[in-house]
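Engineer: Sharing a structure here in structure tokens format.
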Amino acid sequence: MCSPDPEDMHILTNDIPSFDKSLDPYGPEGHLALDIERFSSFMNKPDSRIMSKPVIVRGIPWRILAICRHQQNNRQVATSRSRNNYNFGFFLQCNNDDLLQKRGMWRCYGQATLEVLNANGPPIQKKIHHSFHNTEVDWGFSNYDQYDTLTSPKDGYVIDDVIRLRCRFTADVPTGANYMWDSKKHTGCIGLRNQGATCYMNSILQSFYFTTGFRRAVYNMEVGTEPNESNIVLAMQRVFYELQMSSEAVETNSLTRAFGWDKLDAFNQHDVQEFCRVLLDNLETKMKGTSEEKSIPNLFRGNMKSYIKCLDVDYESSRTESFYDVQLNVLGMDSLERAFDAYTTPETLDDDNKYDAGDHGLQRAEKGVKFVELPPVLHVQLMRFQYCGVEQKINERFSFPEKMNLSNCCELGPMLNEEDCVYSLHAVLVHSGEFHGGHYVTYINVNLHESAVDPTATAKWCKFDDDVVSRTTTDDAIVSNFGGEKAMNSSAYMLVYVRDNAIDQVLAPIPDTQIPQSVSRTFEMERMHRNREKKKQEEEQMCMSITLVTPDILATNHSFDLIEPVTITDVLPHETVYKHMVTAELYQFVQEKLFEKSTLPKVDMFDSDDETRMKRKEILRRLKTKKFGFRLWRMTDSYTVDKPQKMASRLRPSDFIEYSIDTRLDHTLSHDTETIYVEHSQFLQPLNEYLPTRDILFFLKYYDAITDKFTIIGHVTLDSHKRLNLYRMTFCDLLGLPKDTELKYYIEHAPNHVEQIDDPNRSTISRLVDDQDGAIVIVEKADPTAKKDAKTKMIELYNDVEFEFSQQFYSKMPNEEPFELFTKRFCLEQKLTDVTEFIGSELNVDPRNVMLWTRVSGSRFEPNFDDYAVTGIQCKYLTLRTLHDPRQHKKYSVSYAIFPFPVNEVHTTRMFVRLYRQMPNGNVEELNLFPPKDGTVTDLIAEAKRYYPSVEGGSGKFRLLQIGTSPLNNQRVFQIYNENTAIVDLDQRPVYKQQAQHTLNCRIEEIPHDELDVAQGEFFCPVVHYDREPTKLFGVSFVIKIRNGELMTDVRDRLRRKLPDVSDAEFAKYKFALLSRDKLCRNIEFNAGEKVNLMDMANQTTGVPQVYIGLDHKSPSQHSNEAAIRILN
């Protein structure tokens, strides 16, 4: 099988007829026919092609493509059997129209049978399946069959030089970026959106929705007084109402929120059968005491009788119990009928298993079940998931009929007659995948009610695959889901049958007019609210927010730059403007906001009618010649370039917004939030002319040495080609100083870089500020007696930083509480020793014992001792090693710890290690210690006791255990370390490159009284928890003392005492085993009289036990796919 070569372009065909409109163009299947006349002539013309009439399936044209191709590479030589040197190619072609080719990337999976009809017998049939896409639109056979075979008169394939080709095919819904499948239009139904892994829920909800008796009951339920967010009834009504009234796929977020699920729950796939039971039970509980109390039982509940009937005497014992679904075995069964027969076939009680019939004594009897009442809607759960040592899915072939009679499985009588046993298949819920994951879809016969009422109506099966709904064939819905194909691993998992005599009641359509008014009113109001919100969001996307900054606002700033960022974000008002307005309209908008109202008419920018367009056109005509007494500038947060030192950013007016009736605002302002500086006239003088090629916008900032304060005087336009000193008299005039006052000049490039202009006559203004608008020139009187100048003051402001100090603990003493937070301002150039001395004086501790750090890794503070040695280090080290920006960083958080010894000992005589400690409640927590570098386990334990003393009634003795840290040995205990073992010889791994810091694979715990002494013949055996497989460890491992020759039942009792938080009922479910190296050695049965054999648990020469005891029970934090479904509201 292959696709034809693209160079085969010669086509032998007449005009292709138009599409056959009598067929459903969006249906799942099609039939193609092509009769090739003068076939011998066709096969003697190389590279000729002919195509059939197209048939539209899934909205795509399909054709038969026949090709005569020359045999390539002489692989086939003409012989007496093959008198023709050309191959006959037979292909199915998908979507090869030029118009459809322009759709871009697309993909469509199809299956087909390619046939050559035979006048004398069966046709030649060859099957294909292929995923067609935009670069591979043909699939089939380059050499369908031998030319001699096709043309042989006795074979009957070519009659009168005519060959007849046929193709039967089915296709899935096409996918692709430009294929928008309209489920409502093509099927009359809509789907449900998948939140992540909620396909199981979507499948059963669709089945419930088309069970209109259930939908009607949900509509009629009382909503109650629960909050909307947790109201399951309201959420179910919303889903059903949207499925009935909407034209787009429905969201289920409100339903899962009402269940009490979070976003993560939506990514946990569950069992559809379990979800069905839990949801029905929840809704039935909510219906109690209301008019709908019996709705669910009347739809889904049946009764079965369990009986034991004696064969030789007249005696029978029976009881009747209700059911909401029937669970049938799949393993070993090949059909639904056989599974029902096996379910109700009685078991004979004979020989040693006779039934005790009371006064009749032991009797031969039959034990079985019979259905005594069948529900209108029968849910059949197929048990395809089983645990047989391992978790597995049973994908064996299991057929089920479209029509079913259960009379052989029933006890007919007044409550159940023959007609009550006849069912029609309504829905098939299908699972594809394996045990722990996969995908659910459902097939529903949406025409079952109509076909039951009208004998001429046919089944209309639809496939519901989350948000995509498509028509499908009956075979695809039923036969294709019998299972048995390993490659597909897709099979029916749940069947929904409806009793024939109840179809009119259970599946009766619900016209829109029959939906309760309270339901319609509620959700129509929600729909209107959503539409308003949607319109609001669309309008917001067409708008931007601007903040207007004026010279009087700048005058309030006495610090860095022109304005504090917080003033823009939190203080000044934010105005909304239309992105598509032109800059002239922005000028008009600012004029009305800040200066004076306009006589121009108002228009709504969101209206697009003719009247609005005409009004706007008139406004633009009048604005074309209008003059404004201000200029607008875009303020940007940018960095200076080509400067020798790294500098903070600066917020300056940098881009002039030119007045125009042609330039749109979104072509000038690119962000959704922008800051605009309004440059208007000051000092009772008209606004100077601005030429972008000549002038630079400057801001004048004055430093008064007497008041020690900066003041922004205003803006001024300077000629970039002139020297700065030429404007001295202008500056004096603006500052109100005598015109002969000598001035000193500085350029404020950034908060951390102020440059003094030593010779204002040497360089042009453009060179001083890199030809950038928005530059700040600081001026001050040239007073040699002043104590400080503007640059010194700016450095002083920059280095003055507030720090907030909070205490952290490495090894927290019991009941020890941290000191309260406190703040202090420091100069960034001060030494860290000043900080530690301040903390020491505040807390009355030795400053040498104070450890500082700011680095945070996740939720854990990670100090680096080499970097944070305080001697000779400045406070700027506490700014997280980033460039300090005083406009953004108003306060830095610094953590400190108080050690019981000088910090510098960590580098000299001590080492930092992290290990684990077993708490009295059984939990494990991290422990940080500073033992001597040349110490032993005894020193390590002594250091631990400083922070964690013995519990009341404890032995006061501690031990150190080697544990595992990888996922495979999760905290598993390997051995108990000897107290004389050197710390450097312990199992450890570096945390950082610095050798002073390590994590030990160890755990410290207090020794129980009964394990203090170890006699001859006694030893400690590790114990682990695992879930079915020895590699799936969980929980906290521990050790237990075992004596050679003692009863195994005593060991079990000692294990029981080690687990005080486990109930007796739960402990009874535990299984026990001997494990070695993550593998099972043997199970432990604890038989009466069985004793411990030391040889079974021999130690290796290393002292590490070869085997350990495993407790097999379910993990509390089981796999998400195995977690039980919970509906919390």
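Yeah, the Cβs are placed from backbone N, Cα and C, and that goes for glycine too.
From Swiss-Prot, here are the annotated features:
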type: DOMAIN; residues: 29-169; note: domain 'MATH'
type: DOMAIN; residues: 190-500; note: domain 'USP'
type: ACT_SITE; residues: Cys199; note: active site, nucleophile
type: ACT_SITE; residues: His439; note: active site, proton acceptor
Engineer: Write down the Cα-Cα distance for Cys199 (active site, nucleophile) and His439 (active site, proton acceptor), rounded and given in Å.
Structural biologist: 6
Engineer: Ranking the active-site residues Cys199, His439 by other Cβ atoms within 10 Å, which is at the bottom?
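Structural biologist: Relative to the other active-site residues in Cys199, His439, His439 has the fewest Cβ atoms within 10 Å.
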Engineer: Tally of helix, strand and coil residues over the domain 'MATH' (29-169) according to DSSP?
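Structural biologist: Within the domain 'MATH' (29-169) the tally stands at 16 helix, 71 strand, 54 coil.
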Engineer: Per DSSP, to which secondary structure element type does Cys199 (active site, nucleophile) belong, with helix, strand and coil as the options?
Structural biologist: helix
